[in-house]
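What Swiss-Prot says about this protein:
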type     : residues                                               : note
ACT_SITE : Glu94                                                  : active site, proton acceptor
BINDING  : Gly168, Glu169, Ser200, Ser222, Leu223, His224, Asn301 : S-adenosyl-L-methionine binding site
DISULFID : Cys107-Cys344                                          : disulfide bond
DOMAIN   : 100-339                                                : domain 'Radical SAM core'
Amino acid sequence: MTTAKINLLDFDRKGLRAFFSEELGEKAFRADQVMKWMYHFGCDDFDQMNNINKKLREKLKHKCEIRAPYVSEAQHSSDGTIKWAMKVGDQDVETVYIPDGDRATLCVSSQVGCALECKFCSTAQQGFNRNLKVSEIVGQIWRAAREIGLEKETGRRPITNVVMMGMGEPLLNMKNLIPALEIMLDDLGFALSKRRVTVSTSGVVSGLDQMTGKIDVALAISLHAPTDELRSQIMPINDRWDIDAFLASVRRYIASSNANRGRVTVEYVLLDHVNDDMDHARQLAELLKDTPAKINLIPFNPYPGSPYKKPSNSRIDRFMKTLMEYDYTVTIRKTRGDDIDAACGQLVGDVIDRTKRTKVKQQGEAIPVKTV
(Lines of atoms letter the chains of each structure in order from A and count residues from 1; the text may use other names and numbers.)
(Lines give C-alpha, C1' and ligand atoms only; values in the text may rest on other atoms or scores of the structure.)
Protein backbone atom coordinates (compact mmCIF):
# COMPACT_ATOMS: atom_id res chain seq x y z
CA MET A 1 0.00 0.00 0.00
CA THR A 2 1.43 3.38 -1.05
CA THR A 3 1.21 6.15 1.54
CA ALA A 4 -0.04 9.43 0.12
CA LYS A 5 2.55 12.16 0.13
CA ILE A 6 1.99 15.32 2.16
CA ASN A 7 1.30 18.38 0.02
CA LEU A 8 3.37 21.21 1.49
CA LEU A 9 1.06 23.81 -0.06
CA ASP A 10 -1.49 22.81 2.59
CA PHE A 11 0.58 24.45 5.36
CA ASP A 12 0.91 28.06 6.42
CA ARG A 13 4.26 28.99 7.99
CA LYS A 14 3.25 27.86 11.49
CA GLY A 15 1.94 24.55 10.19
CA LEU A 16 4.97 23.96 7.97
CA ARG A 17 7.37 24.57 10.85
CA ALA A 18 5.41 22.15 13.03
CA PHE A 19 5.47 19.51 10.29
CA PHE A 20 9.23 19.87 9.79
CA SER A 21 9.84 19.60 13.53
CA GLU A 22 7.41 16.81 14.41
CA GLU A 23 7.46 14.68 11.27
CA LEU A 24 10.86 15.36 9.72
CA GLY A 25 12.96 16.15 12.78
CA GLU A 26 14.17 19.38 11.18
CA LYS A 27 14.60 22.91 12.51
CA ALA A 28 12.17 25.73 11.77
CA PHE A 29 14.57 27.60 9.50
CA ARG A 30 14.55 24.65 7.09
CA ALA A 31 10.78 24.99 6.76
CA ASP A 32 11.24 28.70 6.07
CA GLN A 33 13.77 27.94 3.34
CA VAL A 34 11.42 25.52 1.62
CA MET A 35 8.49 27.92 1.94
CA LYS A 36 10.50 30.64 0.23
CA TRP A 37 11.38 28.27 -2.62
CA MET A 38 7.72 27.34 -3.07
CA TYR A 39 6.26 30.83 -3.16
CA HIS A 40 9.04 33.24 -4.12
CA PHE A 41 10.43 31.06 -6.88
CA GLY A 42 7.42 28.92 -7.77
CA CYS A 43 9.52 25.80 -7.24
CA ASP A 44 7.91 22.37 -7.01
CA ASP A 45 11.10 20.31 -7.44
CA PHE A 46 13.04 19.62 -4.23
CA ASP A 47 16.22 18.91 -6.21
CA GLN A 48 16.28 22.53 -7.36
CA MET A 49 16.41 23.82 -3.78
CA ASN A 50 20.18 24.24 -3.75
CA ASN A 51 20.50 25.63 -0.22
CA ILE A 52 18.87 22.48 1.20
CA ASN A 53 21.21 19.59 2.01
CA LYS A 54 20.86 16.41 -0.02
CA LYS A 55 19.73 14.29 2.95
CA LEU A 56 16.77 16.57 3.60
CA ARG A 57 15.94 16.80 -0.10
CA GLU A 58 15.75 13.01 -0.27
CA LYS A 59 13.57 12.94 2.84
CA LEU A 60 11.25 15.52 1.29
CA LYS A 61 11.03 13.64 -1.99
CA HIS A 62 10.08 10.47 -0.12
CA LYS A 63 7.40 11.99 2.14
CA CYS A 64 6.23 15.20 0.52
CA GLU A 65 5.13 16.92 -2.66
CA ILE A 66 4.36 20.42 -3.89
CA ARG A 67 1.21 20.02 -5.95
CA ALA A 68 -0.99 22.85 -7.20
CA PRO A 69 -4.10 22.56 -9.37
CA TYR A 70 -3.18 22.35 -13.03
CA VAL A 71 -4.73 24.20 -15.93
CA SER A 72 -7.10 22.02 -17.93
CA GLU A 73 -8.29 24.86 -20.16
CA ALA A 74 -7.45 28.52 -20.74
CA GLN A 75 -9.64 31.13 -22.40
CA HIS A 76 -8.33 34.55 -23.40
CA SER A 77 -10.63 37.57 -23.60
CA SER A 78 -10.22 40.41 -26.04
CA ASP A 79 -9.70 42.76 -23.05
CA GLY A 80 -6.72 40.79 -21.70
CA THR A 81 -8.65 38.81 -19.10
CA ILE A 82 -7.74 35.12 -18.83
CA LYS A 83 -10.04 32.47 -17.39
CA TRP A 84 -8.39 29.23 -16.36
CA ALA A 85 -10.26 26.03 -15.60
CA MET A 86 -8.11 24.49 -12.87
CA LYS A 87 -8.33 20.81 -12.08
CA VAL A 88 -8.93 19.99 -8.41
CA GLY A 89 -9.36 16.27 -7.95
CA ASP A 90 -11.78 15.10 -10.61
CA GLN A 91 -13.40 18.50 -11.16
CA ASP A 92 -12.62 22.04 -12.29
CA VAL A 93 -12.86 25.39 -10.59
CA GLU A 94 -12.41 28.67 -12.40
CA THR A 95 -9.74 31.28 -11.71
CA VAL A 96 -9.69 34.63 -13.48
CA TYR A 97 -6.74 36.94 -14.19
CA ILE A 98 -7.80 40.56 -14.73
CA PRO A 99 -5.13 43.06 -15.85
CA ASP A 100 -5.98 46.73 -15.46
CA GLY A 101 -3.30 49.36 -15.97
CA ASP A 102 -0.53 48.98 -13.40
CA ARG A 103 -2.32 46.25 -11.46
CA ALA A 104 -3.39 42.68 -12.11
CA THR A 105 -6.07 41.04 -10.00
CA LEU A 106 -6.60 37.31 -9.58
CA CYS A 107 -10.13 36.17 -8.76
CA VAL A 108 -9.83 32.96 -6.72
CA SER A 109 -12.39 30.24 -5.93
CA SER A 110 -12.93 28.84 -2.42
CA GLN A 111 -15.34 25.96 -3.11
CA VAL A 112 -16.30 23.58 -5.88
CA GLY A 113 -19.71 25.05 -6.63
CA CYS A 114 -21.74 26.95 -4.05
CA ALA A 115 -24.53 26.11 -1.62
CA LEU A 116 -26.05 29.56 -1.20
CA GLU A 117 -28.33 29.69 -4.25
CA CYS A 118 -28.15 33.41 -4.99
CA LYS A 119 -30.69 33.67 -7.78
CA PHE A 120 -28.60 35.87 -10.08
CA CYS A 121 -25.36 33.84 -9.94
CA SER A 122 -24.56 31.06 -12.40
CA THR A 123 -22.23 29.28 -9.95
CA ALA A 124 -25.13 28.86 -7.53
CA GLN A 125 -27.19 27.12 -10.20
CA GLN A 126 -24.56 24.37 -10.48
CA GLY A 127 -24.91 23.08 -6.93
CA PHE A 128 -22.29 22.43 -4.27
CA ASN A 129 -19.64 19.73 -4.14
CA ARG A 130 -17.02 20.46 -1.50
CA ASN A 131 -14.71 22.97 0.12
CA LEU A 132 -11.32 23.54 -1.46
CA LYS A 133 -8.22 22.58 0.52
CA VAL A 134 -5.61 25.18 1.45
CA SER A 135 -3.38 23.85 -1.34
CA GLU A 136 -6.23 24.22 -3.82
CA ILE A 137 -6.87 27.84 -2.83
CA VAL A 138 -3.27 29.10 -2.71
CA GLY A 139 -2.47 26.68 -5.52
CA GLN A 140 -4.64 28.74 -7.87
CA ILE A 141 -2.39 31.74 -7.20
CA TRP A 142 0.74 29.59 -7.46
CA ARG A 143 -0.37 28.14 -10.80
CA ALA A 144 -1.55 31.48 -12.18
CA ALA A 145 1.77 33.11 -11.28
CA ARG A 146 3.59 30.34 -13.12
CA GLU A 147 1.33 30.68 -16.16
CA ILE A 148 1.90 34.44 -16.23
CA GLY A 149 5.62 33.85 -15.80
CA LEU A 150 5.63 31.62 -18.86
CA GLU A 151 4.12 34.50 -20.83
CA LYS A 152 6.65 37.18 -19.88
CA GLU A 153 7.24 37.95 -23.50
CA THR A 154 3.64 39.17 -23.74
CA GLY A 155 4.28 41.83 -21.11
CA ARG A 156 1.58 40.57 -18.72
CA ARG A 157 1.77 42.11 -15.28
CA PRO A 158 2.51 39.91 -12.27
CA ILE A 159 -0.38 39.41 -9.85
CA THR A 160 -0.71 42.42 -7.54
CA ASN A 161 -4.13 41.77 -5.96
CA VAL A 162 -6.15 38.72 -4.95
CA VAL A 163 -9.91 38.73 -4.50
CA MET A 164 -11.79 35.80 -2.99
CA MET A 165 -14.71 36.33 -5.34
CA GLY A 166 -14.58 33.21 -7.48
CA MET A 167 -16.73 30.11 -7.08
CA GLY A 168 -18.14 29.49 -3.61
CA GLU A 169 -18.72 31.37 -0.35
CA PRO A 170 -15.31 31.84 1.33
CA LEU A 171 -16.69 32.10 4.87
CA LEU A 172 -18.27 28.65 4.60
CA ASN A 173 -14.72 27.30 4.28
CA MET A 174 -13.11 28.94 7.29
CA LYS A 175 -10.87 26.00 8.17
CA ASN A 176 -8.98 26.38 4.91
CA LEU A 177 -9.57 30.06 4.18
CA ILE A 178 -7.67 31.40 7.20
CA PRO A 179 -4.37 29.55 6.55
CA ALA A 180 -4.69 30.36 2.84
CA LEU A 181 -4.98 34.06 3.69
CA GLU A 182 -2.01 33.75 6.05
CA ILE A 183 0.07 32.40 3.15
CA MET A 184 -1.03 35.23 0.87
CA LEU A 185 0.11 37.82 3.44
CA ASP A 186 3.25 36.05 4.70
CA ASP A 187 6.61 37.52 3.68
CA LEU A 188 7.72 33.98 2.84
CA GLY A 189 4.47 33.33 1.00
CA PHE A 190 3.02 35.58 -1.69
CA ALA A 191 3.91 38.66 0.41
CA LEU A 192 0.79 40.60 -0.56
CA SER A 193 -0.31 43.70 1.33
CA LYS A 194 -3.41 43.15 3.47
CA ARG A 195 -5.08 45.93 1.50
CA ARG A 196 -4.49 43.96 -1.71
CA VAL A 197 -6.24 40.81 -0.50
CA THR A 198 -10.04 41.01 -0.46
CA VAL A 199 -12.53 38.53 0.95
CA SER A 200 -16.11 38.83 -0.25
CA THR A 201 -19.02 37.32 1.66
CA SER A 202 -22.74 37.00 1.04
CA GLY A 203 -23.47 37.35 4.74
CA VAL A 204 -22.08 34.42 6.75
CA VAL A 205 -22.10 36.25 10.06
CA SER A 206 -20.59 33.39 12.07
CA GLY A 207 -17.60 33.26 9.73
CA LEU A 208 -17.10 37.02 9.70
CA ASP A 209 -17.14 37.08 13.49
CA GLN A 210 -14.48 34.34 13.47
CA MET A 211 -12.31 36.52 11.23
CA THR A 212 -12.68 39.59 13.47
CA GLY A 213 -9.41 40.20 15.28
CA LYS A 214 -7.87 37.08 13.73
CA ILE A 215 -7.02 38.03 10.15
CA ASP A 216 -6.95 41.51 8.67
CA VAL A 217 -7.75 41.83 4.97
CA ALA A 218 -9.98 44.03 2.86
CA LEU A 219 -13.67 43.15 3.13
CA ALA A 220 -16.34 43.30 0.46
CA ILE A 221 -19.95 42.36 1.15
CA SER A 222 -22.47 41.08 -1.35
CA LEU A 223 -25.58 43.01 -0.33
CA HIS A 224 -27.60 43.37 -3.56
CA ALA A 225 -30.85 44.55 -1.95
CA PRO A 226 -31.84 47.30 0.50
CA THR A 227 -34.64 45.42 2.31
CA ASP A 228 -34.93 42.02 3.95
CA GLU A 229 -37.99 41.16 1.88
CA LEU A 230 -36.23 41.68 -1.44
CA ARG A 231 -32.90 40.26 -0.30
CA SER A 232 -34.51 37.04 0.89
CA GLN A 233 -36.10 36.62 -2.54
CA ILE A 234 -32.78 36.76 -4.38
CA MET A 235 -30.39 35.61 -1.61
CA PRO A 236 -31.78 32.83 0.62
CA ILE A 237 -28.93 33.29 3.11
CA ASN A 238 -30.81 36.37 4.31
CA ASP A 239 -33.32 34.06 5.98
CA ARG A 240 -30.47 32.83 8.20
CA TRP A 241 -28.79 36.18 8.87
CA ASP A 242 -30.84 39.26 8.04
CA ILE A 243 -29.42 42.59 6.89
CA ASP A 244 -29.22 44.12 10.38
CA ALA A 245 -27.28 41.14 11.73
CA PHE A 246 -25.01 41.16 8.69
CA LEU A 247 -24.19 44.87 8.88
CA ALA A 248 -23.62 44.70 12.64
CA SER A 249 -21.04 41.98 12.03
CA VAL A 250 -19.47 44.08 9.26
CA ARG A 251 -19.11 47.05 11.62
CA ARG A 252 -17.42 44.83 14.21
CA TYR A 253 -14.95 43.62 11.62
CA ILE A 254 -13.99 46.99 10.15
CA ALA A 255 -13.64 48.44 13.66
CA SER A 256 -10.86 45.90 14.30
CA SER A 257 -9.27 46.24 10.84
CA ASN A 258 -6.52 48.43 9.44
CA ALA A 259 -6.83 47.01 5.93
CA ASN A 260 -10.28 48.52 5.37
CA ARG A 261 -9.38 52.06 6.45
CA GLY A 262 -12.63 52.36 8.36
CA ARG A 263 -15.09 51.39 5.64
CA VAL A 264 -16.36 48.38 3.75
CA THR A 265 -16.93 47.84 0.05
CA VAL A 266 -20.60 47.12 -0.65
CA GLU A 267 -21.24 45.11 -3.81
CA TYR A 268 -24.63 45.63 -5.40
CA VAL A 269 -25.57 43.79 -8.58
CA LEU A 270 -28.12 45.76 -10.59
CA LEU A 271 -30.98 43.61 -11.90
CA ASP A 272 -33.30 45.28 -14.37
CA HIS A 273 -36.59 46.29 -12.69
CA VAL A 274 -35.82 44.09 -9.67
CA ASN A 275 -33.54 46.11 -7.37
CA ASP A 276 -32.57 49.11 -9.49
CA ASP A 277 -35.38 51.63 -8.93
CA MET A 278 -34.68 55.07 -7.46
CA ASP A 279 -36.56 54.02 -4.32
CA HIS A 280 -34.11 51.13 -3.96
CA ALA A 281 -31.20 53.56 -4.21
CA ARG A 282 -32.67 55.80 -1.53
CA GLN A 283 -33.40 52.80 0.71
CA LEU A 284 -29.81 51.61 0.24
CA ALA A 285 -28.43 55.03 1.16
CA GLU A 286 -30.54 55.09 4.33
CA LEU A 287 -29.63 51.49 5.19
CA LEU A 288 -25.89 52.21 5.12
CA LYS A 289 -25.95 55.48 7.06
CA ASP A 290 -24.37 53.80 10.13
CA THR A 291 -21.97 51.59 8.15
CA PRO A 292 -19.10 53.52 6.52
CA ALA A 293 -19.04 52.23 2.97
CA LYS A 294 -18.07 52.73 -0.61
CA ILE A 295 -20.55 51.23 -3.06
CA ASN A 296 -19.56 49.18 -6.08
CA LEU A 297 -22.44 48.82 -8.55
CA ILE A 298 -22.27 45.72 -10.75
CA PRO A 299 -24.49 45.70 -13.85
CA PHE A 300 -25.84 42.16 -14.16
CA ASN A 301 -23.83 39.87 -16.43
CA PRO A 302 -26.30 37.59 -18.27
CA TYR A 303 -25.74 33.84 -18.50
CA PRO A 304 -27.76 31.16 -20.31
CA GLY A 305 -31.08 30.42 -18.62
CA SER A 306 -31.03 33.43 -16.30
CA PRO A 307 -34.38 35.18 -15.75
CA TYR A 308 -32.66 38.52 -15.13
CA LYS A 309 -31.48 41.27 -17.44
CA LYS A 310 -28.90 44.03 -17.29
CA PRO A 311 -30.50 47.45 -16.69
CA SER A 312 -30.26 50.16 -19.31
CA ASN A 313 -27.39 52.61 -19.01
CA SER A 314 -29.85 55.35 -18.05
CA ARG A 315 -31.21 53.30 -15.11
CA ILE A 316 -27.67 52.49 -13.96
CA ASP A 317 -26.71 56.16 -14.18
CA ARG A 318 -29.78 57.32 -12.24
CA PHE A 319 -29.15 54.75 -9.51
CA MET A 320 -25.54 55.87 -9.15
CA LYS A 321 -26.39 59.58 -9.10
CA THR A 322 -29.08 59.04 -6.46
CA LEU A 323 -26.52 57.40 -4.15
CA MET A 324 -24.01 60.15 -4.82
CA GLU A 325 -26.57 62.70 -3.64
CA TYR A 326 -26.13 61.08 -0.22
CA ASP A 327 -22.34 61.66 -0.43
CA TYR A 328 -21.39 58.03 -0.99
CA THR A 329 -18.36 57.10 -3.05
CA VAL A 330 -19.90 55.07 -5.87
CA THR A 331 -18.18 53.13 -8.65
CA ILE A 332 -19.55 51.05 -11.48
CA ARG A 333 -17.62 47.85 -11.97
CA LYS A 334 -16.16 47.58 -15.42
CA THR A 335 -17.33 44.37 -17.05
CA ARG A 336 -14.28 42.28 -17.84
CA GLY A 337 -14.06 38.92 -19.58
CA ASP A 338 -17.75 38.65 -20.39
CA ASP A 339 -16.91 37.30 -23.86
CA ILE A 340 -15.44 34.21 -22.14
CA ASP A 341 -18.03 34.06 -19.31
CA ALA A 342 -15.45 35.27 -16.80
CA ALA A 343 -17.38 38.30 -15.54
CA CYS A 344 -18.89 38.62 -12.08
CA GLY A 345 -21.57 35.97 -11.51
CA GLN A 346 -20.68 33.95 -14.60
CA LEU A 347 -18.23 31.38 -13.19
CA VAL A 348 -19.47 27.82 -13.49
CA GLY A 349 -16.64 25.28 -13.60
CA ASP A 350 -17.27 21.56 -13.81
CA VAL A 351 -19.39 20.75 -10.79
CA ILE A 352 -21.02 17.49 -9.81
CA ASP A 353 -23.94 18.53 -7.60
CA ARG A 354 -23.60 16.41 -4.47
CA THR A 355 -26.16 18.40 -2.52
CA LYS A 356 -29.81 17.42 -2.39
CA ARG A 357 -30.63 20.37 -4.64
CA THR A 358 -32.06 18.55 -7.64
CA LYS A 359 -34.25 16.29 -5.52
CA VAL A 360 -35.39 19.15 -3.31
CA LYS A 361 -36.31 21.32 -6.27
CA GLN A 362 -38.36 18.49 -7.75
CA GLN A 363 -40.22 18.13 -4.45
CA GLY A 364 -40.74 21.89 -4.13
CA GLU A 365 -39.11 22.06 -0.69
CA ALA A 366 -37.08 24.89 0.79
CA ILE A 367 -33.31 24.47 0.58
CA PRO A 368 -31.53 25.00 3.91
CA VAL A 369 -28.56 27.33 4.03
CA LYS A 370 -25.41 25.53 5.12
CA THR A 371 -23.64 27.21 8.02
CA VAL A 372 -20.14 27.04 9.41
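In case you wondered, yes, glycine gets a Cβ from its N, Cα and C as well.
Distribution of Swiss-Prot features across the structure.
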residue	record	DSSP (3 states)
Glu94	active site, proton acceptor	strand
Cys107	disulfide bond	strand
Gly168	S-adenosyl-L-methionine binding site	coil
Ser200	S-adenosyl-L-methionine binding site	strand
Ser222	S-adenosyl-L-methionine binding site	strand
Asn301	S-adenosyl-L-methionine binding site	coil
Along the domain 'Radical SAM core' (100-339), what average pLDDT does this model show?
94
Please report how many Å separate the Cα atom of Cys107 (disulfide bond) from that of Ser222 (S-adenosyl-L-methionine binding site), as a whole number.
15
At the level of the C-alpha atoms, what whole-angstrom distance separates Glu169 (S-adenosyl-L-methionine binding site) and Glu94 (active site, proton acceptor)?
14
How many Å separate the Cα atoms of Ser222 (S-adenosyl-L-methionine binding site) and the residue listed as 'active site, proton acceptor'?
19
Across all chains shown, how many C-beta atoms besides its own are within 10 angstroms of the C-beta of Ser200 (S-adenosyl-L-methionine binding site)?
21
Looking at the recorded positions Cys107, Leu223, Asn301, which one has the fewest other Cβ atoms within 10 Å of its own Cβ?
Asn301
CB neighbours of the residue listed as 'active site, proton acceptor' within 10 A?
24
Rounded inter-Cα distance in Å - Glu94 (active site, proton acceptor), Asn301 (S-adenosyl-L-methionine binding site):
17
Surrounding CB atoms that lie within 10 Å of the CB of Gly168 (S-adenosyl-L-methionine binding site), all protein chains:
30
Using all protein chains shown, find which of the binding-site residues Glu169, Ser222, His224 scores highest when you count other CB atoms within 10 A of its CB.
Glu169
Would you measure the largest Cα separation among Gly168, Glu169, Ser200, Ser222, Leu223, His224, Asn301 for the S-adenosyl-L-methionine site and round it to whole Å?
19
